[in-house]
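Peer 1: One structure, as C-alpha cells, below. Some questions next.
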Amino acid sequence: MPTWLWGLLLTAGTLSAALSPGLPASADPCYDEAREPRSCIPGLVNAALGREVLASSTCGRSANRVCDSSDPQRAHSADLLTSAPGTASPLCWRSDLLQQAPFNVTLTVPLGKAFELVFVSLRFCSAPPTSVALLKSQDHGRSWVPLGFFSSSCTLDYGRLPAPADGPSGPGPEALCFPAPQAQPDGGGLLAFSVQDGSPQGLDLDNSPVLQDWVTATDIRIVLTRPAIQGDTRDGGVTVPYSYSATELQVGGRCKCNGHASRCLLDTHGHLVCDCQHGTEGPDCSRCKPFYCDRPWQRATGQEAHACLACSCNGHARRCRFNMELYRLSGRRSGGVCLNCRHNTAGRHCHYCREGFYRDPGRVLSDRRACRACDCHPVGAAGKTCNQTTGQCPCKDGVTGLTCNRCAPGFQQSRSPVAPCVKTPVPGPTEESSPVEPQDCESHCRPARGSYRISLKKFCRKDYAVQVAVGARGEARGSWTRFPVAVLAVFRSGEERARRGSSALWVPTLDAACGCPRLLPGRRYLLLGGGPGAAAGSTAGRGQGLSAARGSLVLPWRDAWTRRLRRLQRRERRGRCGTA
C-alpha cells in the first residue's frame with residue numbers, strides 16, 4: 001500500500017474516530033429491499049483500540065530518573081499504544097534501556113475475537129528499529145505464525161530473500177521480508193503493513209479459503225529485534241544504551257462474521273461477538289442455529305448469501321438434524337429431518353399422520369389438529385388403523401361405516417365378537433320341498449354324542465386338526481352349506497393348509513340339515529378333518545376353506561384338550577405318526 005495512503009489514514013487519529021462501533025448506515029444491511037438475505041460485513045475498525053497491550057519490557061516498572069509507572073507524568077505504559085488519541089503530542093510507550101543483545105521486545109495485543117485483518121501499523125517516537133517480526137495467532141495466543149518481516153538484512157536476520165515487487169511467487173499467501181521501517185523527518189518512523197501484500201494477486205477473499213485463513217487473527221504480536229544504533233549488534237557486544245519507543249498501534253480489520261453479520265456487539269459476558277443474521281449463530285456466525293439445518297452452513301459471498309434455512313416441519317417439531325445423503329439426493333436443496341414430530345404427525349417433514357390417525361381435510365397441514373384419531377369400532381373393525389387420507393377403518397365381513405360401527409344392508413347384528421354382523425336369514429324350504437325328510441336323518445347320519453378320547457393314532461389319521469369359532473349360521477350353496485368361522489388354533493395342517501384367521505367351513509347340505517354336525521354361532525369346536533373315510537371328490541362344488549365332509553369329526557371344544565393336542569403335535573413333529 002502506498003506510503004501516502006498510510007499517512008492519510010494515520011493522521012490525527014482519523015481512523016479511530018471513523019472505526020468506532022456503531023449501528024450500520026442501512027437499517028438492515030444483511031437483507032435487501034425484498035427482505036431477501038444478502039452478504040453483509042461489519043465496518044472497518046481499529047481492532048486494537050482500547051485493547052490491553054502486553055509488553056515484555058516497559059520503562060518505569062522500576063522507577064528511575066526517566067520513567068516511573070506510579071507517576072502519570074512520567075509513566076510510559078504499553079496501554080498508551082492503543083489508547084484513543086486526544087493530545088497534540090501523543091504520549092509514547094518506552095521499553096527499558098537495552099545495553100547488550102538480545103534486544104528482543106515483544107508487544108502482544110489480544111483482539112478479543114477473530115478479525116479479518118486489512119493492515120497493521122505502528123508509529124515510532126524515536127528512530128525505528130532495523131528488524132521487526134510481525135506475527136499472528138488464530139487460537140487466542142496458543143500458537144503463532146508469521147505475517148511478515150521487516151529488516152535491513154533479511155537474509156541474515158530471517159533467512160529470507162527480500163520480497164519481490166510483484167508479491168509472492170507461490171500459489172498462496174506467505175510471510176515475506178520487507179524493508180525496515182524508514183526514519184522520518186520528525187525523528188520517528190512508521191511501520192505500515194498491508195495483509196494483502198503477502199498474498200498473490202488475483203485471490204478473491206469470498207472464494208479463497210486459503211486467503212480467508214491468511215487474514216484471520218485473534219491476536220497480533222510485534223517483535224522488535226534490533227534497535228537503530230550504529231554498528232552490527234548481532235554479536236551481543238556492549239553498545240550505547242537504547243530503548244524502543246512507539247505510539248499509535250493500529251490493527252485495521254473487520255469482525256470475522258463470514259458474511260452473515262453487519263456489526264459486532266458485546267454479549268452478556270462482555271465478549272465481542274457478531275450480531276448474526278441469516279439463521280446463523282456463534283461468535284463468528286460459523287454455524288447454523290439448531291433448527292436452521294435444512295442445508296449445510298456456508299460462508300456468504302457477493303453472489304450468494306448462503307443463509308441457513310429452517311427445517312420444513314409444518315409447525316409440528318422444534319428440533320431437526322441434517323442428513324447429507326438426503327441433501328445430495330434432493331439435488332442439494334434440502335437435507336433437514338424433523339425430530340420428535342408432535343400433534344400426532346410423522347415423517348421427515350411431519351407431513352403425514354402417524355398410525356391410528358388420519359388427515360382432517362378441513363384443516364391446513366400446519367394446524368395443530370390436522371390429524372384426527374381413527375376411532376375404529378373395537379368390535380366391528382378388523383384393526384385400529386385407518387386410511388390416512390379418507391379415515392376409513394378396515395371393517396369385518398358384513399360391517400360398514402367410516403368407523404365400522406353398523407351392519408351392512410342384508411346383514412344383522414349377532415352376539416359374536418368374531419362375526420358381529422351375519423347375513424339376514426331367508427325362509428328355508430317347505431316340508432314338501434325339503435331335500436331331507438326328518439325321518440331320513442336317523443338313517444343318514446348321527447350327531448356325535450358322549451365323550452371322545454383323542455389318541456395319537458386318531459390324531460395322525462386326520463389331515464388337519466384345528467380349533468374354530470363359528471361366526472354365524474350356515475348359508476346353503478347347492479350341495480354345500482358355508483359357515484363363516486375364525487380359526488383360533490392349528491394343531492395339525494395337511495393338504496388344506498389350515499391357518500389362523502378368518503375362513504369358511506363347508507359342510508354337506510344334507511349333513512347340516514340333520515345337525516351332523518350341529519354348529520351354533522358364537523361357539524367353539526374342534527375340527528378333525530379328512531383322513532380315511534372322507535368322501536371322494538369332497539371338494540367339488542364348494543369354495544375355499546375347511547370342509548367337514550364324511551370322515552371328518554366336529555366336537556364342541558373343551559379347554560382341557562389344549563395340552564393333549566399340543567403334546568400330540570410335538571410327537572407328530574418328531575415323526576411318531578409313522579409308527580402309530
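Note that Cβ sites are derived from N, Cα and C of the backbone, with glycine treated the same way.
In case it's useful when we look at the structure, here is the feature table from Swiss-Prot:
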DISULFID  Cys92-Cys125  disulfide bond
DISULFID  Cys257-Cys274  disulfide bond
DISULFID  Cys276-Cys285  disulfide bond
DISULFID  Cys288-Cys308  disulfide bond
DISULFID  Cys311-Cys320  disulfide bond
DISULFID  Cys313-Cys338  disulfide bond
DISULFID  Cys374-Cys386  disulfide bond
DISULFID  Cys376-Cys393  disulfide bond
DISULFID  Cys395-Cys404  disulfide bond
DISULFID  Cys407-Cys421  disulfide bond
DISULFID  Cys441-Cys514  disulfide bond
DISULFID  Cys460-Cys577  disulfide bond
DOMAIN    255-310  domain 'Laminin EGF-like 1'
DOMAIN    374-423  domain 'Laminin EGF-like 3'
DOMAIN    441-577  domain 'NTR'
Peer 1: Would you mind pulling the DSSP three-state label for Cys441 (disulfide bond)?
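Peer 2: Once the DSSP labels are grouped into three classes, Cys441 (disulfide bond) ends up as helix.
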Peer 1: Drop a 10 Å sphere on every Cβ of the disulfide-bonded residues Cys257, Cys308, Cys320, Cys386, Cys514 and tell me which sphere holds the fewest other Cβ atoms.
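Peer 2: Among the disulfide-bonded residues Cys257, Cys308, Cys320, Cys386, Cys514, the sparsest Cβ neighbourhood within 10 Å belongs to Cys514.
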Peer 1: Cα within 10 Å of Cys92 (disulfide bond) is the criterion; apply it to the disulfide-bonded residues Cys276, Cys320, Cys338, Cys386, Cys404 and give the hits in sequence order.
Peer 2: none
Peer 1: I need the most crowded of these disulfide-bonded residues: Cys92, Cys313, Cys460. Count other C-beta atoms within 10 angstroms of each C-beta and give me the top one.
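Peer 2: Answer returned by the neighbour count: Cys313.
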Peer 1: Would you list, in sequence order, the disulfide-bonded residues among Cys276, Cys285, Cys320, Cys407, Cys460 whose CA lies within 10 Å of the CA of Cys257 (disulfide bond)?
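Peer 2: Near Cys257 (disulfide bond), where near means Cα within 10 Å, the disulfide-bonded residues are Cys276, Cys285.
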Peer 1: What is the Cβ neighbour count of Cys404 (disulfide bond) at a 10 Å cut-off, with all protein chains included?
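Peer 2: Within a 10 Å radius of the Cβ of Cys404 (disulfide bond) lie 24 other Cβ atoms.
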Peer 1: What's the CA to CA span in angstrom from Cys441 (disulfide bond) over to Cys460 (disulfide bond)?
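Peer 2: About 30 Å separate the Cα atoms of these two residues.
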Peer 1: Where Cys395 (disulfide bond) and Cys460 (disulfide bond) are concerned, what is their Cα separation in Å, rounded?
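Peer 2: Between the alpha carbons of Cys395 (disulfide bond) and Cys460 (disulfide bond) there are 38 Å.
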Peer 1: Calculate the distance in Å between the alpha carbons (Cα) of Cys376 (disulfide bond) and Cys407 (disulfide bond), and round it to a whole number.
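Peer 2: Cys376 (disulfide bond) and Cys407 (disulfide bond) have their Cα atoms 14 Å apart.
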Peer 1: Near the Cβ of Cys577 (disulfide bond), how many other Cβ atoms are there if near means within 10 Å?
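Peer 2: There are 16 such Cβ atoms around Cys577 (disulfide bond).
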Peer 1: Quick one: average pLDDT across the domain 'Laminin EGF-like 1' (255-310), no decimals.
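Peer 2: Looking only at the domain 'Laminin EGF-like 1' (255-310), pLDDT averages out to 94.
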Peer 1: Show me the subset of Cys288, Cys313, Cys338 whose Cα is within 10 Å of Cys404 (disulfide bond); these are the disulfide-bonded residues I mean.
Peer 2: none
Peer 1: If you count, for each of the disulfide-bonded residues Cys125, Cys311, Cys374, Cys376, Cys441, the other Cβ atoms lying within 10 Å of its Cβ, which residue has the minimum?
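Peer 2: If we count Cβ atoms within 10 Å for the disulfide-bonded residues Cys125, Cys311, Cys374, Cys376, Cys441, the smallest count is at Cys441.
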